Amino acid sequence: MAQILLHGTLHATIFEAESLSNPHRATGGAPKFIRKLVEGIEDTVGVGKGATKIYATVDLEKARVGRTRMISNEPVNPRWYESFHIYCAHMAADVIFTVKIDNSIGASLIGRAYLAVQDLLGGEEIDKWLEISDENREPVGDSKIHVKLQYFDVGKDRNWARGVRSTKYPGVPYTFFSQRQGCKVTLYQDAHVPDNFVPRIQLADGKNYEPHRCWEDIFDAISKAQHLIYITGWSVYTEITLVRDTNRPKPGGDVTLGELLKRKASEGVRVLMLVWDDRTSVGLLKKDGLMATHDEETANYFHGTDVNCVLCPRNPDDSGSFVQDLQISTMFTHHQKIVVVDHEMPNQGSQQRRIVSFIGGIDLCDGRYDTQYHSLFRTLDTVHHDDFHQPNFEGGSIKKGGPREPWHDIHSRLEGPIAWDVLYNFEQRWRKQGGKDLLVRLRDLPDIIIPPSPVMFPEDRETWNVQLFRSIDGGAAFGFPETPEEAARAGLVSGKDQIIDRSIQDAYVNAIRRAKNFIYIENQYFLGSSYGWKPEGIKPEEIGALHLIPKELSLKIVSKIEAGERFTVYVVVPMWPEGVPESASVQAILDWQRRTMEMMYTDIAQALEANGIEANPKDYLTFFCLGNREVKQEGEYEPEEHPEPDTDYIRAQEARRFMIYVHTKMMIVDDEYIIIGSANINQRSMDGARDSEIAMGAYQPYHLATRQPARGQIHGFRMSLWYEHLGMLEDVFQRPESVECVQKVNEVAEKYWDLYSSDDLEQDLPGHLLSYPIGVTADGSVTELPGMENFPDTRARVLGNKSDYLPPILTT
């Protein structure tokens, strides 16, 4: 049967199965009472397989989109009564319900039931018993399963391609945290902004955009806290200083982060830290040059002080198989980066305090401090002399000189009710993994710390509506519901006795579906929707990078092509993932990235051809990276040693160029809605049961792209980022969806790439935005650029190489 595109939302319920038989047991076809008796004896005696644990899954062809909890001691007639809210963007002939028996390692198949996708397209509810078949589609005795399904096509969604629409937009549905009103959001590009970075960007109401300074604000927030300082991080390094700009000194600004936190704790402030306990995957990856997280150093530094620093492993939920538990605890991380403090009220005279939170992509560790100039060599005797970060070369060090690895990132400060949601996330995590009950009992301080309340009046044109999203499961957060019914009511996903918050992926999907004109993405990784990859050298169903974001983006573009409307997606990624570029892990990720790009460009190319449009696919979807190149200046830092000959290090040093590492996790939609957080566009971050993540989605209700383009803070932030990357501001940048804009940006980025990759160096690179070095053919194939098989100064393939030994779960 031909496959049909299911793009929308599927509501599915699995009620129960009847007359199941188990081909994997001698008693598998015996009457129910005999089977339960045998399994009960095995359980009691500890011999044999014990009680059968049965679960069911929902698949769209070979992509798993839903899974029930396990039912024990009901080998014949298990009853689940579980409902699923499934976002789908899949080609499928059937919705497949699979019934399985859980084993300590893996699972055994009982059978599958099929419902034709064709039957769902009308949108009516289907409630029926389906026959269960074996691998050959032969009936498994009288086995059957009772299901209910209803499909809602994306085109019939009242928010599809309509943007935020109005100030009454309620936020992303089916999530743990609801949208908060009356908030204030501060957006940060990079850890610091020097005084001479002054883009002239006009906003609505006659205002000009003003950049903000992340690490200065975090320093002030920590310094002024009186009751609590809560920090989570993938890495926290005690030896960094947050204030480094000699033109903007602060009293006490030369203190290290570690000393600052110890001082605040000694003053009676409750300082609690959850730092990822880097146990393992390091063993597999460290040889590839990935940086250490300093977790042991940080814990030892605070040992015996008033600071409570807990090394926090990524523990599995209680439900997985032995193999799954091993994967979670050894391969995945705690990736949230948050700071929560109590803060003075805006009117200085008050003794009352409020909660302020910071979230985003910037860890409080070495290698993160940078400005919009992203220098390679010129700060090596000043702010980066004691903070030299270069993990892409074997033996990279300040002694051998630059280029350092510049760092581009994005962060945010949240005030108002949303700040309390970040606090609650920390409290859930501390109660699960923090050990001692040291959380400040805020209800005991009602006269000091005010309860969640708006910080902006409803009529204030600068007010924000904000919603918090996460990727996290019950293994990392305390107090998750225990039953699927309660989980669904709480906006959580259940599956195989695991409760998951997967709302970051939901937020991206919703924002992409709402988009009207353009999307601008900056992210450290870009891979996923592996169910749509071409099966060249792989079996896509074995990759498991099932999140929808790349496919949703290409389907959005296709829908606009079919409607005869403009739409552009801009994506900025690093030149390669941090690490030695020739290494197996980096090459594997680049291979997944190439397959993702090719899937998207193929969708676009086919839509252009089907609609008789002759156009470059890069006019609709275009990828960039960031890089810098500097001529040598008099008085520059001179290293005492030199890199080894014939290495990437010496070649980059002599060519005086290197990538700017894009660590950002951000998406802007139509200049009216922004997502910022810790989550990458890969399966690790979007899964919910892998890396733990946090993000926020926000908009200004008085600055929506309804009748005219949005010109609030989000617009100003995007234009400031483009000024940082392109070194210019053009009127055409005000209309990113236009073909004139995308062609101008592509033209400038291609020129900068030519200057970056040239053998000659006559001047500093005038901007940092580089066209990602790939070719895109008319049919959507992604190819090497002529003469550019490898990245400059390396022997690393731009298109990557599939790894024969690293499991996909590690690199997706």
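Just so you know, glycine gets a Cβ as well, placed from its N, Cα and C.
When other Cβ atoms within 10 Å of the Cβ of His335 (active site) are tallied across all protein chains shown, the result is 26. Per Swiss-Prot, active site is recorded for His335 (among others).
Classification of Lys337 (active site) by DSSP places it in coil, neither helical nor stranded. With a cut-off of 8 Å between CB atoms and residues at least 6 apart in sequence, the same chain places Thr232, Gly233, Trp234, Ile359, Gly360, Gly361, Ile362, Asp363, Leu364, His411, Ser678, Ile694 near Lys337 (active site), listed in sequence order. What Swiss-Prot records for Lys337 (among others) is active site.
The active site annotation in Swiss-Prot covers Asp342 (among others). Under the DSSP three-state reduction, Asp342 (active site) is assigned to strand.
The Cβ of His663 (active site) has Gly361, Ile362, Trp407, His408, Asp409, Gln524, Pro574 as same-chain neighbours under 8 Å, each 6 or more residues away in sequence. Summarising the annotation, Swiss-Prot assigns active site to His663 (among others).
Marked as active site by Swiss-Prot: Lys665 (among others). The Cβ of Lys665 (active site) lies under 8 Å from the Cβ of Gly360, Gly361, Ile410, Glu522, Asn523, Gln524, Ile676, Gly677, Ser678, Ala679, Asn680, Ile681, Ser685, Ala695, each of these being in the same chain and 6 or more residues away along the sequence. For the recorded site, Lys665 (active site), the DSSP three-state label reads strand.
Mapped onto three states, the DSSP output places Asp670 (active site) in coil. Every protein chain shown contributes to the tally, and the Cβ of Asp670 (active site) ends up with 25 other Cβ atoms within 10 Å. Residues annotated as active site in Swiss-Prot: Asp670 (among others).
Annotated Ca(2+) binding site per Swiss-Prot: Asp190, His374, His408, Glu724, in sequence order, evidence recorded as similarity to another entry. Within its own chain, Glu724 (Ca(2+) binding site) has Gln189, Asp190, Phe197, Pro199, Gln372, His768 as residues 6 or more apart in sequence whose C-beta sits under 8 angstroms from its own. When secondary structure is read from DSSP and collapsed to three states, Glu724 (Ca(2+) binding site) falls in the helix class.
Among the features that Swiss-Prot reports, 1,2-diacyl-sn-glycero-3-phosphate binding site is placed at His335, Gln524, His663, with the record citing similarity to another entry.
For 1-130, the entry in Swiss-Prot reads domain 'C2', with the evidence type sequence analysis.
Taken from Swiss-Prot, the feature domain 'PLD phosphodiesterase 1' covers 330-368, and the record attributes it to sequence analysis. Taking Cβ pairs closer than 8 Å, the domain 'PLD phosphodiesterase 1' (330-368) reaches residues 188, 191, 214-215, 217-218, 221-222, 224-237, 239-240, 242, 257, 274-276, 278-281, 291, 293-294, 312, 314, 387, 389, 391, 405, 407, 409-415, 418-420, 422-423, 425-426, 429, 447-450, 452, 455, 476, 524, 663-666, 676-679, 684-685, 690-696, 809-810 in its own chain, all 6 or more past its ends.
Annotation comment: Swiss-Prot describes 658-685 as domain 'PLD phosphodiesterase 2', evidence class sequence analysis.
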Any idea what the Cα distance is from Asp670 (active site) over to His374 (Ca(2+) binding site), rounded to a whole Å? 27
From the centroid of the CB atoms of Asp190, His374, His408, Glu724, the recorded Ca(2+) site, which same-chain residues not already listed sit within 8 A by their CB, in sequence order? Gln189, Asp370, Thr371, Gln372, Tyr373, Pro406, Trp407, Asp409, Leu626, Ile660, His725, His768
Across all chains shown, how many C-beta atoms besides its own are within 10 angstroms of the C-beta of Asp342 (active site)? 25
Average the per-residue pLDDT over the domain 'PLD phosphodiesterase 1' (330-368) and send me the rounded value. 90
For His374 (Ca(2+) binding site), which residues of its chain lie six or more apart in sequence with Cβ-Cβ distance below 8 Å? Pro406, Trp407, His408, Leu626, Asn628, Ile660, His768
I want the residues beyond His335, Gln524, His663 whose C-beta is within 8 angstroms of the mean position of the 1,2-diacyl-sn-glycero-3-phosphate site's C-beta atoms, in chain order. Trp234, Gly361, Tyr525, Thr664, Lys665, Ser678, Asn680
Binding residues His335, Gln524, His663 (1,2-diacyl-sn-glycero-3-phosphate) - maximum C-alpha distance in whole Å: 13
Secondary structure content, the domain 'PLD phosphodiesterase 1' (330-368) (per DSSP, counts of residues): 2 helix, 16 strand, 21 coil
Counting other CB atoms within 10 Å of each candidate's CB, the least crowded of the binding-site residues His408, Gln524 is Gln524
Can you tell me how many other Cβ atoms are located within 10 Å of the Cβ belonging to Asp190 (Ca(2+) binding site)? 28
